[in-house]
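K.L.:
Take a look at the following structure, please.
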């Protein structure tokens, strides 16, 4: 299927559509991602939920306790370390089945990734397009920024009441996976804090136990993410694989602008910087335009801010801070 898509569109250096072979593959991977969460059920989740604490117990008994008192339990390290490593590996095998790359459609997904990598190698092998292609390259980056947010609703201050109401009614949407998400989330927090209790009580002696807490926190957090993605409607989320595809496109456009002498690499903002600026309502001047107009001797801090942070991050932090205050006020009023 991927091969058929790729044959339909070729790399072109005449009309400006250099990414014509890459985008259909990205669309195919996005479709596989959505099918993965539609087909996967509770079985891989339960397997991962069991495998993680088993591995954490092995780390506790075989590594953390011996390290906390080497004089008394040094002999436990010899069998404990390989056993803990083996169980950690088995837990990772269980966890990665929750991802599209190793789920029911894992073979197709990995084949699509290989095809995407092959096309990227061909794109990066192209010679510099030259300053004559500056406008199409810049227009391609702007089109990519727009395409990454065209189906998303911008966050506005007037939406805070709607967001708070959504936070209160969300548990009744896709009820089964909502309950699973709450259960796994509570399990993650309680399990991590309970494991860290000895560390808080006596950090000097029990600090190795933190390795057990990290195992629980990371493993069960991945389980929580799986529940969250099962709960979300496919149309309401932008899959991670879609963002990866956009970043590949932007990276190649940046690469061509640099080797063609069009713009310096630091003048192209990261995808999330421009997306968040657009999602939060835009403004007079985008991060991309601001970076393009910065002087050559601009400070590294200004470059970093407009490339990786931007006004969108600041607005988003302020927005959700306001939502939290509104939700708190409603709770206190009752």
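Each residue's number is its place along the chain shown, starting with 1.
Backbone N, Cα and C define each Cβ position, glycine as well.
In TrEMBL, annotation is done automatically, which means it is predicted and not curated.
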K.L.:
Quick test of your reading of TrEMBL: among 73-95, 96-118, where does it put transmembrane segment?
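P.N.:
Matching range for transmembrane segment: 73-95.
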K.L.:
From the ranges 134-157, 206-229, 230-253, pick the one that TrEMBL records as transmembrane segment.
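P.N.:
Per TrEMBL, the stretch marked transmembrane segment is 206-229.
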K.L.:
What range among 45-67, 275-297 does TrEMBL record as transmembrane segment?
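P.N.:
Going through 45-67, 275-297 one by one, TrEMBL gives transmembrane segment for 45-67.
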